[in-house]
Structures are given as C-alpha cells and as structure tokens.
Amino acid sequence: MTTKVAANSAAYEAIVRAGPRVKQLQQVHAHLIVTGYGRSRSLLTKLITLACSARAIAYTHLLFLSVPLPDDFLFNSVIKSTSKLRLPLHCVAYYRRMLSSNVSPSNYTFTSVIKSCADLSALRIGKGVHCHAVVSGFGLDTYVQAALVTFYSKCGDMEGARQVFDRMPEKSIVAWNSLVSGFEQNGLADEAIQVFYQMRESGFEPDSATFVSLLSACAQTGAVSLGSWVHQYIISEGLDLNVKLGTALINLYSRCGDVGKAREVFDKMKETNVAAWTAMISAYGTHGYGQQAVELFNKMEDDCGPIPNNVTFVAVLSACAHAGLVEEGRSVYKRMTKSYRLIPGVEHHVCMVDMLGRAGFLDEAYKFIHQLDATGKATAPALWTAMLGACKMHRNYDLGVEIAKRLIALEPDNPGHHVMLSNIYALSGKTDEVSHIRDGMMRNNLRKQVGYSVIEVENKTYMFSMGDESHQETGEIYRYLETLISRCKEIGYAPVSEEVMHQVEEEEKEFALRYHSEKLAVAFGLLKTVDVAITIVKNLRICEDCHSAFKYISIVSNRQITVRDKLRFHHFQNGSCSCLDYW
C-alpha cells in the first residue's frame, strides 16, 4: 500500500513539474497508462486542468472522456478553467454535459457558466442558467448574483441587472462596480453616476475599477466637475495611477475640452501602453491639433513606445483628416500597411476618404472608393457618407445627389441619408425635389434623429433640445437669446438658412435656426455664469449656422465657448474657431 501511495505521489509531482506544456503532459500521461495509473481520477483531474490551461482543448476533452464517471469536482475544474480562459462555448458545453450526467452543480459552477454566457452575450441561455441556479438553491449566493449583474449588463438588459442587484442581501464592491460599469457601457451615463452616489451613501469606498467606469460616464455626459473631483480623490488618497485609470482620465479631460490637462496626465503616468498613447493621439485629433497628433505618433515609433495597433491608426488618420494634413495621412496609411503589415478596416478607409474629400481631392477620394469596390470592400455606408460630406462641403451637388441616392439604396430606412439628399437639393435650389424627399419621409415614417445639447452649470447638467420649453426659466433664456442674436447681427452675423426647408419664408427659416439646442444651451450658460468658459456637448454635428453664430457670440460675450459635437471639438474665442472653419 505504501509503495502504491509513493508511486501515486511521484506521478502527481511529475504532472506538476510538467506544467501547462502539452508535450510534457502527454509524456506523463503515457507513463501513467504504462504504470497502471491511467484511470486515476485525481491524477487525470490535474492533467485535465493543466491541459486546459495550455488551451489544448482537443487534448483536454480526450482526457476528460477517459474518466468513466466524472464527478462534480472534475466538472467544476473544466468549467472554471474554460470560463477563466475565455472559452465560453466550451464552458457552456461542459455545463450541459454535467446536467446530462446528473451531476449537481455548485455556486462555483453557476458563477463560471454565467460569466461565459456574459462573454457570449447569450441572454436566452444565461436566463436559463439563472433559473437553474434559483431552483438549485443558489439564487441568492453572493458570487452568483455578482456574476448575474455583470451578465445582464453585458447583454444590455440593465433592468434585469438592477433587479438582481436590488435583491442581493449583501452587496459587495464587485457588485456595485458591475452595476456602474453596466450602465456606463450601455450608454446610460447619468444612471451610472447616480449608482455611484448611492454606493457612497451605502458606505462603500470606491476603488480603481469604480473610477474607471465613473470617469467614462463623466466623459460621456461632460460632467467635468465630478471627473475633476475623482482626479483629486485619486491624488489625495494616494491611489496608484495605473494604466487604466490614467487612460480614463485622458479620455475624460479630452472629451470635456481640456486637452492640456489630458497631456499633463499622460506625461505623469509611470507606465503607459498602446491604449494610453492612442487616447492621447485621439485627444489631439478631436481637438483639431493634427500636427501634435502626428508628432506624438512619430514619438511613439521613435522612442521605442508600444507598437501601434489598428485603433491607433484610426486615431492618427482621423487627426490628419480633421486638420487637412493630406501628405502626412498618406504617409501614415502607407506605414500601416507596409511597415506594420496591418490590414486596414472600414474605419481606416473612411478616414482616408474623409481626409481626401475635405481637402478637395474629390476625384482621388472617389477613385479610392472604387478601388475598394473592386475588392468588395466599398459597400460600407460610412465610406459613401464621408464622400457625401465632402461633396456638400465643396458644393459638388451633382456627385452629391448620385452618392446620396446610392446610400438610400444601401440603407433605405436610414432617415439621415434622406435628410442629406434633401439638404443637397436645397443647397442647389431644387425646391421641388426637397418637397418630394420630405413627403416620402413622412409617408414612410422616417424621422430625423433628435438633436440635444448638454451643459454643466454649478455641478449640475442641463439638457436642451430644439425649441425646448421645458426649462423653468424658458422665458428668460429665450429673451436673452434674442438679445444675444441681435447684438451678433450688429457686428456682422447673418443666419445661414440655405438648408432649412425652402417652402417657408426667410424670416421663418431664421426662427427655426435661432432655437437650435446648442444656442439655447449657450444662452443658459452665459446667463448663469460669469467670466468662465462655456462647454457644450452635442449628440449630432453642429450646423453651419450655429458654428457661425458661436464665433460672433464669443465676441459679444467675451467668453471662450467649447462645443463637442458628434465628431470633434470646436473652441470659439474672439470670433474664430480652432477648426479654422475646416470641418
């Protein structure tokens, strides 16, 4: 008996020494078979765990099948390992085999399987696992519930995530973080911020994971005050400014209009990775500082920084497009394909078309798309949308109409394409065609996306939509805006009304333009603050008239006004914009 135990122990030590290396594990396995230990449950379990760690899935399954009656320990080993290694399909498959073998799962089983369902975004399967956990008596287990909050969040079911969270008898910091992250990642930034406040009221102290999600939520909404408080908290509490936190702070300051502060954070980071470099390059690009973006990209290459990836190249190409750096953009695109052997995706192609089109190289941009067409890559609507924007900018209306019609053929239910075609017709004076397009949109119930603008005043955020009258001080805001526009007209402002429906009188067009959401937001901001810069976040692109008006408003108010629209930043000061009207 002693000899058998010693042999078993020696075999176990041999497996441990082999580690997660497939060839050595296979040699040990062969030795076990020869020496009569090939069906030892404990030894096979260890072999299976290490084989799975080596991602040798086929070999793992072969070993698993050699066990005559797998028990709960063995099933949990493979389920936990496949879940941890992000092999969700295999994890779910072993869970199903476990059930068919009449082996009872544990809380660890459910936690791992639910995580895999989250990785797959498999809402229906995950709900089934949730029901099974409840029936099995693990519905209120702390680990299972925390995994369920993450699962429902990743599947976009925040109502389900909130219900699970609210039923938790004991809420952990992990569960709170999952809920904050879930709301933020599903675009519900305000809800994420509210959950953070509830977390603090419940006596939980935030950690780095909390702040990464919270900073992203602040960046979405433009809540710079809360974001700055987080930064100060990190400093005062002596928290480590790790890569994730540093990158989140760069994104916060960038998206809230302070690219200088973003660079300060970047320069103070002890450790950086490709995500941090890309975030800083993107910050320069969206603010119109294309040359700085290219210089930082060159520094990344020359100073032995991290190897740029596809996202990095999107950031630098976009920066070149916004700043009119055509030669630099061509060079970057060439280096991407030749030096780094990266395959450009739709985003890179869109940047190239946008860059060439904005700069007036319409023929080259059009040729670029047709070269992609020959390889079957020109069906992406975003390519033609970028080309259409260039046609509108350079008043090539005939080509614009052709492209707009092509877009409508690709996506007939996208109201944005119909609106762009209508605008092209309006600019070219074809009022009958404008009416035809608008009537067609009405018949097909195609509605233009509602625009809104957000402004933060005294640590509170306020949202405005076009013609908004929901604010308590609507009357005062509208009167102040009237005065503001009148003062702007005295120094040369003239409303740009070409794109407003041509069936109405000029006075009505001006009225329609006057109450755009960003104008209401800037009027409110100027009313409620003194001698401070105004920052507005808009969900759509700023229109040509508002862009013109804001240059004049910056003069009459003697304020700096920053607008973050769908694509970039505009910094208005003393009658000019940082984009140099190149947008």
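Keep in mind that glycine also has a Cβ here, set from the backbone N, Cα and C atoms.
On the 0 to 100 pLDDT scale, the repeat 'PPR 1' (71-105) averages 91 in the predicted structure. Per Swiss-Prot, the feature repeat 'PPR 1' maps to 71-105.
Summarised by DSSP class, the composition of the repeat 'PPR 2' (106-140) is 27 helix, 0 strand, 8 coil. As annotated by Swiss-Prot, repeat 'PPR 2' applies to 106-140.
Among the features that Swiss-Prot reports, repeat 'PPR 3' is placed at 141-171.
Same-chain residues lying 6 or more positions outside the repeat 'PPR 4' (172-206) and placing a CB less than 8 Å from one of its CB atoms are 142, 145-146, 149-150, 152-154, 156, 158, 161-162, 165, 213-214, 216-218, 220-221, 223, 226, 233, 461. Summarising the annotation, Swiss-Prot assigns repeat 'PPR 4' to 172-206.
The repeat 'PPR 5' feature in Swiss-Prot is assigned to 207-241. Secondary structure of the repeat 'PPR 5' (207-241) per DSSP (helix as H, G, I; strand as E, B; remaining residues coil): 27 helix, 0 strand, 8 coil.
Counting residues 6+ beyond its ends, the repeat 'PPR 6' (242-276) has Cβ neighbours under 8 Å at 208, 211-212, 215-216, 218-220, 222-224, 227, 231, 234, 282-284, 286-287, 289, 305-309, 311-312, 533, 535, 562, 564, 569, 571 in the same chain. The feature repeat 'PPR 6' is assigned by Swiss-Prot to 242-276.
Here Swiss-Prot flags 277-303 as repeat 'PPR 7'. For the repeat 'PPR 7' (277-303), the list of distant contacts is 247, 250-251, 253-255, 257, 259, 262-263, 266, 309, 311-312, 315-316, 318-320, 322-325, 328, 332, 567-569, 571, 578-580, 582: same-chain residues at least six beyond its ends, Cβ to Cβ under 8 Å.
Distant neighbours of the repeat 'PPR 8' (309-339): 274, 277-278, 281-282, 284-286, 288-291, 293-294, 297, 300, 345, 347-348, 351-352, 354-356, 358-359, 361, 567-568, 579, 582-583; these residues of the same chain sit at least 6 beyond its ends, with a Cβ under 8 Å from one of its Cβ atoms. The repeat 'PPR 8' annotation in Swiss-Prot covers 309-339.
Long-range contacts of the repeat 'PPR 9' (345-379) within the same chain: residues 310, 313-314, 317-318, 320-322, 324-326, 329, 333, 336, 386-387, 389-391, 393-394, 396, 399, 410, 582, each at least 6 residues beyond the stretch ends and with a Cβ under 8 Å from a Cβ of the stretch. Under the heading repeat 'PPR 9', Swiss-Prot lists 345-379.
According to Swiss-Prot, the region 'Type E motif' annotation covers 383-458.
Summarising the annotation, Swiss-Prot assigns region 'Type E(+) motif' to 459-489. Under 8 Å from some Cβ of the region 'Type E(+) motif' (459-489) lie the Cβ atoms of residues 190, 221-223, 225-226, 450-453, 514-521, 523-524, 526-527, 549, 552-553, 555-557, all in the same chain and six or more residues away from its ends.
Residues annotated as region 'Type DYW motif' in Swiss-Prot: 490-583.
Only residues 6 or more beyond the boundaries of the repeat 'PPR 1' (71-105), in the same chain, are considered here, and those with a CB under 8 A from a CB of the stretch are 41, 44-45, 48-49, 52-53, 55, 57, 60, 64, 112-113, 115-117, 119-120, 122, 125, 129, 132, 136, 138.
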